[in-house]
(Lines of atoms letter the chains of each structure in order from A; the text may use other names.)
(Lines give C-alpha, C1' and ligand atoms only; values in the text may rest on other atoms or scores of the structure.)
Protein backbone atom coordinates (compact mmCIF):
# COMPACT_ATOMS: atom_id res chain seq x y z
CA UNK A 1 0.00 0.00 0.00
CA UNK A 2 1.42 3.38 -1.02
CA UNK A 3 2.28 5.77 1.76
CA UNK A 4 0.53 9.11 2.01
CA UNK A 5 2.32 12.40 2.54
CA UNK A 6 0.22 13.41 5.55
CA UNK A 7 1.94 14.38 8.79
CA UNK A 8 1.67 12.19 11.85
CA UNK A 9 0.17 14.07 14.80
CA UNK A 10 -0.23 11.47 17.50
CA UNK A 11 0.10 7.72 17.27
CA UNK A 12 -0.97 6.53 20.70
CA UNK A 13 -2.94 3.26 20.72
CA UNK A 14 -1.72 2.54 17.19
CA UNK A 15 0.36 -0.53 18.08
CA UNK A 16 -1.47 -3.76 18.96
CA UNK A 17 -0.38 -6.79 20.97
CA UNK A 18 -0.05 -8.69 17.70
CA UNK A 19 2.40 -6.04 16.45
CA UNK A 20 4.50 -6.42 19.60
CA UNK A 21 4.42 -10.21 19.27
CA UNK A 22 5.61 -10.12 15.66
CA UNK A 23 8.26 -7.53 16.43
CA UNK A 24 9.45 -9.67 19.32
CA UNK A 25 9.94 -12.63 17.00
CA UNK A 26 11.85 -10.45 14.57
CA UNK A 27 14.20 -9.37 17.36
CA UNK A 28 14.68 -12.91 18.65
CA UNK A 29 15.66 -14.29 15.25
CA UNK A 30 17.17 -11.27 13.49
CA UNK A 31 18.71 -8.94 16.07
CA UNK A 32 22.22 -9.62 14.78
CA UNK A 33 21.65 -10.14 11.04
CA UNK A 34 24.26 -8.45 8.85
CA UNK A 35 26.36 -7.74 11.96
CA UNK A 36 29.40 -5.67 11.03
CA UNK A 37 32.17 -3.75 12.76
CA UNK A 38 30.97 -0.38 11.46
CA UNK A 39 27.38 -0.36 12.77
CA UNK A 40 27.20 -3.74 14.51
CA UNK A 41 23.50 -4.46 15.28
CA UNK A 42 22.00 -1.52 13.37
CA UNK A 43 20.65 -3.64 10.49
CA UNK A 44 19.02 -6.10 12.87
CA UNK A 45 17.46 -3.24 14.84
CA UNK A 46 16.14 -1.59 11.69
CA UNK A 47 14.71 -4.86 10.38
CA UNK A 48 13.02 -5.44 13.73
CA UNK A 49 11.41 -2.00 13.70
CA UNK A 50 10.33 -1.88 10.04
CA UNK A 51 6.69 -3.05 10.50
CA UNK A 52 6.30 -0.64 13.43
CA UNK A 53 7.77 2.26 11.46
CA UNK A 54 5.43 1.61 8.53
CA UNK A 55 2.47 1.76 10.88
CA UNK A 56 3.52 4.83 12.86
CA UNK A 57 4.80 6.98 9.97
CA UNK A 58 2.42 7.26 7.00
CA UNK A 59 4.41 10.31 5.97
CA UNK A 60 7.09 8.97 3.63
CA UNK A 61 9.65 11.62 4.59
CA UNK A 62 9.24 10.81 8.30
CA UNK A 63 9.46 7.10 7.55
CA UNK A 64 12.74 7.50 5.66
CA UNK A 65 14.10 9.78 8.37
CA UNK A 66 13.41 7.22 11.10
CA UNK A 67 14.83 4.40 8.99
CA UNK A 68 18.05 6.38 8.74
CA UNK A 69 18.10 6.92 12.51
CA UNK A 70 17.55 3.24 13.27
CA UNK A 71 20.34 2.29 10.88
CA UNK A 72 22.88 4.16 12.98
CA UNK A 73 25.41 2.40 15.22
CA UNK A 74 23.80 0.20 17.85
CA UNK A 75 25.25 -2.58 19.97
CA UNK A 76 23.95 -4.22 23.12
CA UNK A 77 23.29 -7.67 24.55
CA UNK A 78 20.77 -9.38 22.27
CA UNK A 79 19.12 -11.16 25.21
CA UNK A 80 18.00 -7.98 26.98
CA UNK A 81 17.95 -5.69 23.94
CA UNK A 82 14.21 -6.29 23.62
CA UNK A 83 13.77 -3.94 26.58
CA UNK A 84 15.20 -1.07 24.53
CA UNK A 85 13.13 -1.95 21.46
CA UNK A 86 9.96 -2.05 23.56
CA UNK A 87 10.65 1.35 25.13
CA UNK A 88 11.52 2.75 21.71
CA UNK A 89 8.17 1.58 20.30
CA UNK A 90 6.32 3.12 23.24
CA UNK A 91 7.98 6.50 22.76
CA UNK A 92 7.53 6.61 18.98
CA UNK A 93 3.91 5.46 19.22
CA UNK A 94 3.16 8.33 21.59
CA UNK A 95 5.09 11.22 20.03
CA UNK A 96 5.88 10.13 16.47
CA UNK A 97 8.59 12.03 14.60
CA UNK A 98 8.83 14.53 17.48
CA UNK A 99 10.46 11.76 19.51
CA UNK A 100 13.36 11.47 17.06
CA UNK A 101 15.97 12.98 19.38
CA UNK A 102 14.57 11.10 22.37
CA UNK A 103 14.90 7.80 20.49
CA UNK A 104 18.53 8.52 19.63
CA UNK A 105 19.24 9.37 23.26
CA UNK A 106 17.39 6.30 24.50
CA UNK A 107 19.33 3.90 22.29
CA UNK A 108 22.75 5.46 22.82
CA UNK A 109 22.20 5.88 26.55
CA UNK A 110 20.88 2.41 27.33
CA UNK A 111 22.77 0.10 24.99
CA UNK A 112 25.91 0.22 27.16
CA UNK A 113 24.32 -0.43 30.59
CA UNK A 114 22.04 -3.13 29.20
CA UNK A 115 24.99 -4.76 27.46
CA UNK A 116 26.85 -4.89 30.77
CA UNK A 117 23.93 -6.43 32.65
CA UNK A 118 22.98 -8.83 29.85
CA UNK A 119 26.53 -10.01 29.15
CA UNK A 120 27.15 -10.58 32.86
CA UNK A 121 23.96 -12.50 33.61
CA UNK A 122 23.21 -14.32 30.35
CA UNK A 123 26.71 -14.51 28.90
CA UNK A 124 28.71 -15.40 32.02
CA UNK A 125 26.76 -16.11 35.20
CA UNK A 126 24.04 -18.49 33.97
CA UNK A 127 26.32 -20.53 31.65
CA UNK A 128 28.99 -20.71 34.35
CA UNK A 129 26.70 -21.79 37.18
CA UNK A 130 24.33 -24.14 35.40
CA UNK A 131 26.86 -25.25 32.81
CA UNK A 132 29.27 -26.27 35.57
CA UNK A 133 26.56 -28.05 37.55
CA UNK A 134 25.19 -29.78 34.46
CA UNK A 135 28.67 -30.81 33.28
CA UNK A 136 29.56 -32.19 36.70
CA UNK A 137 26.32 -34.19 36.81
CA UNK A 138 27.11 -35.48 33.32
CA UNK A 139 30.60 -36.53 34.39
CA UNK A 140 29.00 -38.55 37.16
CA UNK A 141 26.71 -40.25 34.65
CA UNK A 142 23.58 -38.38 35.69
CA UNK A 143 21.34 -37.58 32.66
CA UNK A 144 19.63 -34.84 34.65
CA UNK A 145 22.66 -32.67 33.88
CA UNK A 146 21.63 -32.39 30.22
CA UNK A 147 18.00 -31.86 31.20
CA UNK A 148 19.05 -29.08 33.58
CA UNK A 149 20.89 -27.28 30.78
CA UNK A 150 17.90 -27.60 28.44
CA UNK A 151 15.56 -26.32 31.16
CA UNK A 152 17.79 -23.30 31.80
CA UNK A 153 17.90 -22.42 28.11
CA UNK A 154 14.12 -22.74 27.86
CA UNK A 155 13.78 -20.40 30.85
CA UNK A 156 16.13 -17.91 29.17
CA UNK A 157 14.04 -18.05 25.98
CA UNK A 158 10.87 -17.32 27.95
CA UNK A 159 12.59 -14.39 29.67
CA UNK A 160 13.85 -13.00 26.37
CA UNK A 161 10.35 -13.13 24.94
CA UNK A 162 8.95 -11.20 27.91
CA UNK A 163 11.45 -8.33 27.85
CA UNK A 164 10.03 -6.42 24.87
CA UNK A 165 6.38 -6.39 26.06
CA UNK A 166 7.62 -5.27 29.48
CA UNK A 167 9.70 -2.48 27.98
CA UNK A 168 6.75 -1.40 25.84
CA UNK A 169 4.22 -1.39 28.68
CA UNK A 170 6.48 0.34 31.20
CA UNK A 171 8.28 2.69 28.84
CA UNK A 172 10.97 4.88 30.38
CA UNK A 173 9.39 4.44 33.84
CA UNK A 174 11.10 1.04 33.99
CA UNK A 175 14.57 2.60 33.84
CA UNK A 176 13.73 5.27 36.41
CA UNK A 177 12.48 2.71 38.94
CA UNK A 178 15.15 0.08 38.29
CA UNK A 179 18.16 2.34 37.80
CA UNK A 180 19.50 1.84 41.33
CA UNK A 181 18.73 -1.88 41.35
CA UNK A 182 20.53 -2.96 38.17
CA UNK A 183 24.02 -2.75 39.68
CA UNK A 184 22.89 -4.58 42.84
CA UNK A 185 21.34 -7.39 40.80
CA UNK A 186 24.51 -7.71 38.73
CA UNK A 187 26.77 -7.75 41.81
CA UNK A 188 24.59 -10.39 43.50
CA UNK A 189 24.65 -12.56 40.38
CA UNK A 190 28.45 -12.28 40.15
CA UNK A 191 28.86 -13.24 43.82
CA UNK A 192 26.58 -16.25 43.37
CA UNK A 193 28.47 -17.37 40.27
CA UNK A 194 31.87 -17.09 41.93
CA UNK A 195 30.62 -19.05 44.96
CA UNK A 196 29.19 -21.89 42.86
CA UNK A 197 32.26 -22.16 40.63
CA UNK A 198 34.55 -22.08 43.66
CA UNK A 199 32.64 -24.95 45.24
CA UNK A 200 32.92 -27.03 42.06
CA UNK A 201 36.70 -26.63 41.67
CA UNK A 202 37.73 -29.57 43.94
CA UNK A 203 35.25 -31.92 42.23
CA UNK A 204 35.87 -30.99 38.60
CA UNK A 205 39.66 -30.43 38.67
CA UNK A 206 41.33 -33.53 40.09
CA UNK A 207 45.05 -32.80 40.08
CA UNK A 208 47.44 -34.24 42.64
CA UNK A 209 51.17 -34.20 43.32
CA UNK A 210 52.37 -37.83 43.59
CA UNK A 211 55.94 -36.93 44.60
CA UNK A 212 57.33 -38.89 47.54
CA UNK A 213 60.45 -37.79 49.44
CA UNK A 214 62.48 -40.30 51.44
CA UNK A 215 65.07 -39.45 54.09
CA UNK A 216 66.34 -42.64 55.66
CA UNK A 217 63.32 -44.38 57.12
CA UNK A 218 61.16 -41.28 56.88
CA UNK A 219 58.77 -41.04 53.94
CA UNK A 220 57.12 -37.76 53.12
CA UNK A 221 54.29 -37.53 50.60
CA UNK A 222 53.99 -34.14 48.94
CA UNK A 223 50.21 -34.38 48.55
CA UNK A 224 49.72 -35.11 52.25
CA UNK A 225 51.69 -31.99 53.14
CA UNK A 226 49.63 -29.88 50.73
CA UNK A 227 46.38 -31.28 52.15
CA UNK A 228 47.42 -30.14 55.62
CA UNK A 229 47.91 -26.62 54.28
CA UNK A 230 44.63 -26.59 52.30
CA UNK A 231 42.68 -29.44 50.68
CA UNK A 232 42.56 -29.18 46.87
CA UNK A 233 45.28 -26.53 46.94
CA UNK A 234 46.70 -27.41 43.51
CA UNK A 235 43.34 -27.17 41.66
CA UNK A 236 42.70 -23.79 43.29
CA UNK A 237 46.17 -22.54 42.31
CA UNK A 238 45.62 -23.70 38.72
CA UNK A 239 42.27 -21.90 38.48
CA UNK A 240 43.68 -18.67 39.94
CA UNK A 241 46.70 -18.89 37.62
CA UNK A 242 44.47 -19.45 34.59
CA UNK A 243 42.26 -16.50 35.55
CA UNK A 244 45.34 -14.32 35.96
CA UNK A 245 46.75 -15.37 32.59
CA UNK A 246 43.46 -14.54 30.83
CA UNK A 247 43.94 -10.95 31.92
CA UNK A 248 47.29 -10.75 30.15
CA UNK A 249 47.74 -9.27 26.70
CA UNK A 250 47.69 -11.74 23.76
CA UNK A 251 46.24 -14.46 25.99
CA UNK A 252 42.82 -15.90 25.20
CA UNK A 253 40.85 -18.99 26.19
CA UNK A 254 42.10 -21.06 23.23
CA UNK A 255 45.76 -20.35 23.97
CA UNK A 256 45.20 -21.00 27.67
CA UNK A 257 43.66 -24.43 26.92
CA UNK A 258 46.59 -25.37 24.67
CA UNK A 259 49.10 -24.10 27.25
CA UNK A 260 47.37 -26.08 30.01
CA UNK A 261 47.44 -29.26 27.91
CA UNK A 262 51.13 -28.87 27.06
CA UNK A 263 52.18 -28.08 30.64
CA UNK A 264 49.99 -30.91 31.96
CA UNK A 265 51.54 -33.44 29.57
CA UNK A 266 55.06 -32.33 30.49
CA UNK A 267 54.51 -32.31 34.27
CA UNK A 268 52.57 -35.57 34.07
CA UNK A 269 55.37 -37.18 32.05
CA UNK A 270 57.92 -36.26 34.70
CA UNK A 271 55.63 -37.53 37.46
CA UNK A 272 55.22 -34.14 39.09
CA UNK A 273 51.45 -34.04 38.65
CA UNK A 274 48.85 -36.77 38.25
CA UNK A 275 45.09 -37.18 38.22
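Just so it is clear, glycine is given a Cβ too, placed from its N, Cα and C backbone atoms.
Those TrEMBL annotations? Automatic predictions, nothing curated.
A quick note: this is a predicted structure, and the numbers were derived from the prediction, not measured.
According to TrEMBL:
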type	residues	note
TRANSMEM	114-134	transmembrane segment
TRANSMEM	146-168	transmembrane segment
TRANSMEM	188-205	transmembrane segment
TRANSMEM	225-244	transmembrane segment
TRANSMEM	256-273	transmembrane segment
Top Cβ-contact partner of the transmembrane segment (114-134) among 146-168, 225-244, 256-273 (pairs under 8 Å): 146-168
Cβ contacts under 8 Å made by the transmembrane segment (225-244) with residues that lie 6+ beyond its boundaries: 201-202, 205-209, 256, 260, 273
Cβ-Cβ under 8 Å with the transmembrane segment (146-168): same-chain residues at least 6 beyond its ends: 15, 20, 23-24, 27-28, 79-87, 89-90, 122, 126, 130-131, 133-134, 137-138, 174
